[in-house]
Every structure is written in structure tokens, then in C-alpha cells.
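Visitor: One structure, pasted below without further comment.
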């Protein structure tokens, strides 16, 4: 079978994050079939997380966007006979699972055509592919007769949507900068004109007064150039600050509007690296508006002056410009690929650095400093290797551009010298032409180099646009306009609720549960059974696959999202502690006095938990509350949830890290509070589940039994077995 390598190359999409190889493969295939789709949209459809996508997730995403996909288990012979692009589940050189696209087997060269989103288009021998394709699992992807326009409308013009409005805000400053750039460009030619006049006109006259006058005028022109350059620099500094603040504001605002699922699919280090990339975008705007524009003006004015002196020399010099421009454009694609790889490696380094340094206590406990040191050094070396590849590519580019420009410069000098010998031009004109030709060539070199910098900024902007293109929580989770009506007796009900994450098997199926004011209900289940996912559904972080969640008989999807969450108090399994005082962490930095927080704690009976020195309301807490125990962090989490005065309190493993004394005190507090609010507790500990009014047993993805402790102990179920194992050492 004959393959169109150019079509495959043009369709290639480089992965933008460490975990997005599967998405990049799907995008490449869509491009191959000449269909467009938003990469962010695919990420949601496939259920990509920080661990990447599953083959099932990619299959479902492909089917939803109009591709025909099917999963198989095969071998190399099957792959040779496959006439459709196939996504292969492989293991890369670092030992990580990875996805690549196989476009088929080229019998002419005896190689498989592989599109690796981390590297590019490569050809593998049968032995090489067999070495990395361990699972022998593949996903064939074909195309249906679908409407191209239905997918193209998902794709945005990022430049027009995000960048141009930011630049327009600086229109006046940039206009002044352009005017000053024009002045600087014109004045920069004064030296060449002055030298020509000096050699051909002034010096032959031997007039000292005229010479001094010319030097004085030249000095004033140079001084004016310096002042214009200084003023331009000041304008650039002002624009730099204003633009950086605006783009960071836009990016941060978008980040805080994104749904929880976004933070499940992208690592913290990736987000931070994309925020840091914004400085490259600002630098490219300065280059484009200032440096490149100045160099273009210098080139234009210089060529006009050369035409004034001699048209043939001007044409010889001008011919270098399109030649260098075309070469720069073609070579920039190679540099662009190296830049993408380097930015991905930097993002990976930042992600793993945060992960390892934040876990230093655990590392020291297990005496694994040398292991994690080697791991982090490994990622750093990879970054340096990518940086070396980029620098080598840049050095090669500079060599080629420098050589080409030198050839054209020598040609211009040779032609000018010849014209002097035959008397066509004077010696002063030769000096001026040499100076101006050199300026044109140097300007061409600078512009070619700037193109590389702009390419880097373009890559940075694409990475930032990934965040900006992500749909917000309100766009993903549709909300109604119904106001939440509270009364003295409130009731929350899950009716036949089922849920699964995209690309995963069903996690929760046909859940039915009721909890109201005056009820202290617990959900008991084993670790990983989906209990915490239910709390996410109640908070509307995710939408049920089927069924409905009702409050006062109304589906909660009809309520305004912010209003609904304002009535919920949620204690998560792992309480996040922010840098600030204990009081700040309880109030979530609400502008209230510590005295008011103290009064609240006393009224609710929380002061007994805050008597420890570490939990003094005035105490400063460091990053993640490293100066607190796990139990103390949970106590702050409970106080934080109760400070909202919620109508419904949802607590996930609230006492997992507490001692028995504090655990019993917390449960006693919750028993006192149940008359004020509905309380739903998630736990895997039977000894505290028994203290609630009703226990719902989550087993095999659904609630198989529910009732109080005595009712459940009369039959064999997950709860009774766990209770007997705990207290009697048996599972009768």
C-alpha cells in the first residue's frame, strides 16, 4: 500500500501535556480525515485525567465526534492488513504507557508508519514496534460521512478571540512606540549619508567651518535618536506592565471558573508552567511591534536610498530578503517542534518537582532520598537534552542565515567596488552603499532570528489557549434560574442516580437515598466504592448519567449553581489548609475579626477543639498546614463547613485521622447539630457508622441495604461483616 507521507506529516498534532497523548492521536486522525475538532472538547469527551486517557475513553470520544472506532487485540500481522489508522497502546522509552497512531505498513521500505505525539512521524521495523507494543491492544479509527461544518464550529481563532482584544487596549501606547520606531529607523541611516557627504563633498573642499557644522548637525541627529530610543523604551516598559497584568488577570479568572474535572485532567505544575509562559507572549509583542517593525523600516528606507545611488546594487541586496524569509519560514517548523518538546519537558519537571519536594517528609521516612534525587535529576537531564537540541537547531539556523547573508553582502560589495573602478559611482557612495547594504543584511538576519522567538511565543500562546478554550463550570454544568427555598424541614433525595466517568465503567448505579433536617445519615462502603463521587454529584461538580437529585422535590439542576452550593457545608476527605491564620482558614479569608470567629466557635461548641496551641485562632499556618496533624486539619475542615451555617452538611471520612477522644466529641457535636441541618456522613468505619440514625450500605455500585445498626446486624451484608471483623475478629 502506498502512503501519502506529506498528508500524514501535515495531520500530525503534538501533545500539549504529558497526559494528552491519546487526545493528540485522535486530533491527528481527525486532521488526516480533514476534519477539525477542538482538542479541549475531546479531552472532556474522553474523560482524560492526570493519568491520561483510556482506550475506552478514546473510543467513546471518537464515536461521539463522528468517527467509527472499534477496539481489538491483535498482532503485527493483523496490523499489516489493517487499512485504517489505528491507535496503539504502547510503552515508551521511559517505561510509561503511551498512545501512538499507526497508519499502516509500507511494504516498499518494510516499516510501519507511526505518528508519535511526543516525537513526530517515525518509521518502525517489525522488531522495533513489537518491542514497545506489549499489550497488543489497538483501536481502529475510520471516518463516517459526517458534516465537516458540525465539527469545525467547535474550533476558535485563539488570536482573534483572546490576544487581539488585549493588544487593542494598548493601541495608543503601541502607536506612539511605532512613531518613535519610525524616527529611530530614519535616523539610523544618517551615518551612511553623513559618511558619503563627508568623503565626496566636505573633505575635498577642506572647509573647517563647514566640516564642524556637519559634525554638529550629525551629533544633534544622533542625540535625537538616543532620546527617541529612550522614550520608546519607557513606553515599552509601561505597555509591558499593563499587558502582563491583563493577560494574567484573564488567565487566572478563567482558571477559577473552570470545573473540578479540569483539575483532574491537568497537573498543577502544568498549570503553573502555562501561567509562566505568558511572559514569552509579551516579549513577542514587543519584538513584533518594536524590533521587527524597526528592522523592516530600516530595510525599506535603506533600499530606497540604494535605489537613489544605484538600482542594480539595490536589486542585488533586495534579492536576499525573500530568499532569507523563505528559508526562515521553512526552518522555523523544525525549531517549533523542538520548542514544543522543551516546554513539555519543563512542565513535566515543574510537576514532578512540586510532587517530590512536597513529599519530602515521606521520602525521608523511607530513606529514599537517593531514589527521588535520581528521578528528579532524570527529568532535569531530559529538560537539558531538549534544551540542547533547541540550541543546536538555533545554532544551525544562525550558521545558515549568516552564510547566506554574507554571500549577498559580498556580492553587493564586489559590484560596488567594480562600479568605483569604472567611475560609475564615487568613493563616498561606495562607503555609503557598503554601510547600507550591511544594515539591510543585518536587519534580515535579525528579523529571521525574531521569527524563531515569535514561534516560541506562539507555542506558549497555544499552551495558554488550552486553558482559555476550556469551557467554564457554568457552561459545562447547565444551571437553572429557580431560587432555592428553605424551610424548617428540608429534604434531599437521590432518585435512581447512576454515574460513570467518561471512558470508565459504571461507578454508581440506581442510588436511592433520602436525608432531611433532623437526620444524621451515613453511607458505609469500602475504599474506592464511589462514596466520595456521590458527594461530588451532590455539589454538582459532576452531572449524573441518569436519575435525578431532588431538594424539596425540585431537581437541583434547576437551581442556580452558586446559590445551591451556598447552602451546602462540605468537609472533604483531605482538608486543604491555606497559608494564613487558623481563623482565616475557618472563614475562608472572609473579612471578619478573630473575636467574631471566637464567638462563633463558642456558640457552636467548637472551642473544645481549638484549645491546642497549634489551633489558636491567631496562629499562622504554613503551606498545606504542615505544622498541624491530620486530625487537626480535619477539625479545621469541620469548623470551616459549619461556619457557613449550612442547611445540608456533607462530611467525607471526617474523623479518619483523629484520636478516639476527638472522634467521639465530633460525633457528639454532630448529633447535637442534626436538628439544625441535614447531615450526611461518608465513612468506611463501622464503629462510627453505627452511631448514625440510618446506614446506607454501598456495595457493588449501589445501595444493597439500609437501616439502623440493629437492623443491618440481623442479616449478612458488607456492614455486618465489617462490624463483626472489627469487634469479634470474625465475619460469621
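Glycine is no exception: its Cβ is also placed from the backbone N, Cα and C atoms.
Whatever TrEMBL says is automated annotation, not expert-curated.
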Visitor: Looking at 256-274, 313-331, 332-350, which one does TrEMBL call transmembrane segment?
Guide: 313-331
Visitor: With TrEMBL as the source, identify the stretch among 148-168, 211-231, 232-252, 358-378 annotated transmembrane segment.
Guide: 211-231
Visitor: With DSSP, how much of the domain 'Peptidase C39' (15-140) is helix, how much strand and how much coil, in residues?
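Guide: The counts are 43 helix, 40 strand, 43 coil.
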Visitor: Go through the chain and flag residues at least 6 beyond the ends of the transmembrane segment (211-231) whose CB is under 8 A from any CB in it; none is fine as an answer.
Guide: 180, 183-184, 187-188, 190, 194, 197-198, 202-203
Visitor: If I take every residue in the domain 'Peptidase C39' (15-140) and average their pLDDT values, what number comes out?
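Guide: Result for the domain 'Peptidase C39' (15-140): average pLDDT 86.
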